[in-house]
Amino acid sequence: MPLLPDVLVGHQTAGICGAAAFITLGPGGLGKRVDAMSTRELPPLQLENLHLAQGHRTVLEHVDGDIKPGAITALIGANGAGKSTLIQAIMGELRPVSGKVTCRVPSERRAWLPQQLALDLTFPMSVEELVMTGSWPSHGALKGYCAAHYRKGRDIMARLGISHLAHRPLGELSGGQRQRALIGRTLMQEAELLLLDEPFANVDSDTVDILIRILRQMADDGTTIIVVLHDMDHLQRLADEVLMLNGGHARWMAPAALTQQQAPAQAVPFTLGGHHAGIA
Amino acid sequence: MLELLNAWFVAPFDYGFMRRAVVGGLALSLAAPPLGVFLVLRGMSLIGDAMAHAILPGVAIGFLLAGFSLPVMSIGGVMFGLMVALLAGAVSKMGGQREDAAMASFFIISLAAGVMLISVGGSSVDLTHVLFGSILAVNSTALALIAGISTLIVIILAVIFRALVVECLDPLFLRGQSRRNGWVHSVFLGLLVLNLTAGFQTLGTLMAVGLMMLPATAARFWSKRLEGLMGIAVVLAMTASTGGLLLSFHLDIPSGPSIILLAGAGYFFSALFGRYHSLAARLRRKTAPLSAETSM
């Protein structure tokens with residue numbers, strides 16, 4: 001475990017600079033807040049010898065990796081390979097059996113868009129209000145918005161091409177429009193860690209183009225993005241790194257390596273499964 | 001004409017008990033409907049009913065210990081209501097049963113226990129009083145209690161409002177923010193119990209929930225916005241509680257049922273003539289042309 005000393009350095013300098021807080025998740029370390037001297041030098045997310053299980057069934061073993069700031073990591077693998085399990089562990093929803101997830105992004109800067117949305121579409125709320133809720137975690141309970149906040153919200157909606165939907169109730173949106181609004185919320189949140197589970201499923205191609213552009217901009221601004229993908233085309237356009245889950249193990253690869261492997265794949269079927277035929 | 005107005009709307013308040021009752025009713029009308037709106041939005045409309053039954057044994061124990069003392073009965077009610085809410089939550093966490101199934105079991109046990117306790121320790125008059133409320137019994141201590149609890153509810157609701165909205169809208173987003181956000185649901189249930197204990201004096205344990213739910217369900221026919229829903233629900237509740245009191249005074253009918261029935265009349269009126277999803281709205285609905293859409 002070569003990464004551990006770095007974390008310890010973070011511990012020892014606690015309280016001296018207090019540049020930012022990070023949270024250690026793992027057995028015995030849940031929710032512990034520590035100040036790091038400088039989080040910029042440390043990867044925002046570290047996975048160390050992670051062993052994850054759902055119930056008594058081991059899903060993933062020996063998952064290691066540093067996720068670099070501002071990188072877009074594609075998470076690929078067949079259905080049931082453990083992509084959602086890994087995301088749950090990263091979000092702190094699932095306790096690892098052993099190993100550690102170190103997330104240096106404060107919780108109000110983390111965003112997670114699961115594939116199965118918990119969003120209540122009958123709730124009386126407009127697109128603009130949904131986007132504005134992104135600022136609530138850092139805004140506190142009672143503070144009102146000023147004009148600058150509304151301007152920021154309007155800018156975000158303009159970037160996503162949903163300005164004309166600002167006052168539309170959530171229930172009347174199409175799948176693509178809803179996805180844009182939800183990405184708008186993460187932009188409002190100024191998310192530093194963004195986890196997306198198949199964000200392009202059931203979404204029109206215009207929305208895909210806009211979202212890919214926006215996600216790239218977010219990454220350039222320093223947001224670390226982990227995205228579950230099934231489509232080879234989306235992967236090539238978006239991913240900087242690829243983490244492939246297969247048979248309970250994780251393998252890091254470059255997107256280019258995957259495409260090279262893919263090229264003669266007609267002969268050797270390289271099945272990753274999924275809803276789209278892109279990778280399969 | 002003026003005389004008639006005076007006789008109907010002003011003269012009743014010459015009586016101290018009417019003044020106290022109307023102030024108590026208005027205070028309740030400010031606190032209860034917003035809670036009801038959240039219950040409706042979360043698809044938990046019947047939980048309010050369940051909680052109203054759940055406070056009964058606590059109220060009964062308070063009654064047996066101290067007679068008709070609203071503070072003691074309220075404390076008993078709050079404690080028992082919270083206990084039932086916690087137990088129901090714990091049973092559903094044990095797995096197998098959803099929270100509403102556990103709640104349904106607990107509330108009917110509570111109702112039986114409460115009725116048993118009061119019947120054994122008191123008379124059938126006492127039982128009627130606890131179940132259906134009595135306007136005459138609102139003394140100044142009770143009024144202070146009702147007003148205090150209502151104020152507390154409004155303040156706490158303001159503080160947890162954003163968390164509550166996010167929890168209704170997208171619970172995963174809330175949980176993603178912090179592991180500690182599980183308290184929002186518990187605090188909300190606590191407010192519910194508090195409100196029901198404040199309401200049982202005027203409306204009775206069984207009908208206190210009416211002032212919470214009916215204005216909220218009626219408001220759904222008038223607004224598609226959260227602020228609108230709450231505002232309309234509060235106005236409806238205030239109208240119903242004041243009007244119901246006056247009706248009960250003039251027609252010599254019980255106060256709790258007349259308040260709730262007036263709110264019920266408001267609900268039926270809304271369902272027939274409201275702006276959205278009502279019968280009238282359905283009849284006059286025409287598909288808007290595209291040009292109307294873009295001007296929105």
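Positions of Cβ are set from backbone N, Cα and C atoms, glycine also.
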Transmembrane segment range according to TrEMBL, out of B:182-200, B:201-219: B:182-200
Within-chain partners of the transmembrane segment (B:72-91) [C-beta distance under 8 Å, separation at least 6 from its ends]: 51, 54-63, 65-66, 97, 99, 102-103, 105-107, 110, 130, 145, 149, 186, 189-190, 192-194, 196-198, 200, 205
Intrachain neighbours beyond the transmembrane segment (B:103-122), with Cβ under 8 angstroms and 6 or more residues off its ends: 47, 49-51, 53-57, 59-61, 63-64, 80, 84-85, 87-88, 91, 130-131, 205
Which of B:142-161, B:182-200, B:257-276 contacts the transmembrane segment (B:229-251) most, counting Cβ pairs under 8 Å: B:257-276
